[in-house]
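Pulled from TrEMBL, these are the features on record:
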DOMAIN    71-359  domain 'Sugar phosphate transporter'
REGION    1-26  region 'Disordered'
TRANSMEM  69-91  transmembrane segment
TRANSMEM  103-123  transmembrane segment
TRANSMEM  135-154  transmembrane segment
TRANSMEM  188-206  transmembrane segment
TRANSMEM  212-230  transmembrane segment
TRANSMEM  251-270  transmembrane segment
TRANSMEM  290-311  transmembrane segment
TRANSMEM  318-338  transmembrane segment
TRANSMEM  344-361  transmembrane segment
Amino acid sequence: MVSLKFHEPNGVLDQGHQASSPVRRDVNRSLSGVKFLENDDLDLEDGKLEKDRNKTVRSNKAVKIQNQALLSGLAYCLSSCSMILVNKFVLSGYDFNAGISLMLYQNFISVVIVSILSSMGLISREPLTWRLIKVWLPVNVIFVGMLLTSMFSLKYINVAMVTVLKNVTNVITAVGEMYLFKKHHDSRVWAALFLMIVSAVSGGITDLSFHAIGYSWQIVNCFLTASYSLTLRRVMDTAKQVTKSGNLNEFSMVLLNNTLSLPLGILLIFVFNEVDYLYTTPLLRRPDFWLVMTLSGFLGLAISFTSMWFLHQTGATTYSLVGSLNKIPLSVAGIVLFKVPTSLENSASIFFGLLAGVFFARAKMREKTQS
């Protein structure tokens, strides 16, 4: 027989070995078949393991998303409630009579933090150009007026009533949308707005700590807040056109509003003669007062960050509803922490107004889904 060098899949027969017999070849085929079956079994098992792993990864992602949504919601609620309570504490608790200076300091902190984060590459923002500033200046003037009137009203009115009176802003905004943007609302929205007006009027009548100056500032604040919302809607498209990227994110708006408010705030400090008060008040020599003031500045910026985070994790519907529900614990905390004298009628009016806010949020959601 001829000597061969025979190569097989499972090995090499060296030269000098004879060719395999038919019996041996059958045995080799059988063994190969067994190996192929073993490989198929392994593939099937690997497929099952892969499916199990995919299910585990999906379930872990779902849990992570739920945790992120819960965490972002809590952070948003905590920062928004804390901001109002800390401002109330600074203005009423410390009896600080320089609301413009407080706003200026808070906005300065926001500018510094956003600039630092931007220089570190942690956030992206649009560069401030003269074209963008010219377009945005009318919005910023209303923005500053909105912040200042909020400070002035909060000094004289308790937190719960400020929360209820702010509902009037929704009424003014809805009317403005109807006349400026030809937007029509359904009957549920108007019913909710009517309930808001009733609760605000009844709350003011039954308010044991009623202050005419505070209520006047709050009414002005409602008009300015609605004007800011409506003007922002008109200016936003123009502002995006003059930016380099064609977009204007939340961080750019925060930096733009707060930067432009600094020279205007300094001018208003001299106009309202807060300089003399700042020279004479002993509060500026107290470290605890500076600590609380700085905390209020951080909380003001935290609202912007947490609201973006929460909105990204959930959606506009959940964000709107949680914002309305968040007013309930805020009002209770304001009454308890600042020991506000109240009556059963006033408490009922406040609670009625808060429920009207929730009803309004749900009506807007339903109107949005139908449109």
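Here, residue 1 is simply the first one shown, and the rest follow in order.
The backbone N, Cα and C atoms fix where each Cβ goes, and this holds for glycine too.
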Chain residues outside the transmembrane segment (318-338) and at least six past its termini with a C-beta under 8 angstroms from it: 69, 73, 76-77, 80-81, 84-85, 88, 92-93, 158-160, 162-164, 307, 310-311, 350, 354, 357-358, 360-362, 364-365
Candidates 69-91, 135-154, 188-206, 290-311; stretch with most C-beta pairs under 8 Å toward the transmembrane segment (344-361): 188-206
Within-chain partners of the transmembrane segment (69-91) [C-beta distance under 8 Å, separation at least 6 from its ends]: 99, 102, 151, 154-155, 159, 162, 289, 292-293, 295-296, 299-300, 302-303, 306-307, 309-310, 312-314, 318, 322-323, 326, 329-330, 333-334, 337-338
Cβ-based contact of the transmembrane segment (290-311) with the transmembrane segment (103-123), 3 or more pairs under 8 Å: yes
Folded-back contacts onto the transmembrane segment (135-154), same chain, C-beta under 8 angstroms, at least six residues removed: 84, 87-88, 91-92, 99-100, 102-103, 162, 165, 213-215, 217-218, 220-221, 224-225, 227-228, 231-232, 235, 238-239, 242, 256-257, 260-261, 264-265, 268
Stretch in 103-123, 188-206, 212-230 most in contact with the transmembrane segment (251-270), if contact is a CB pair under 8 A: 103-123
Sequence-remote partners of the transmembrane segment (212-230) [C-beta within less than 8 Å, at least six residues beyond its ends]: 139, 142-143, 145-146, 149-150, 152-153, 155-157, 162, 165-166, 168-169, 172-173, 176-177, 180, 204
Across the domain 'Sugar phosphate transporter' (71-359), average pLDDT on the 0 to 100 scale: 90
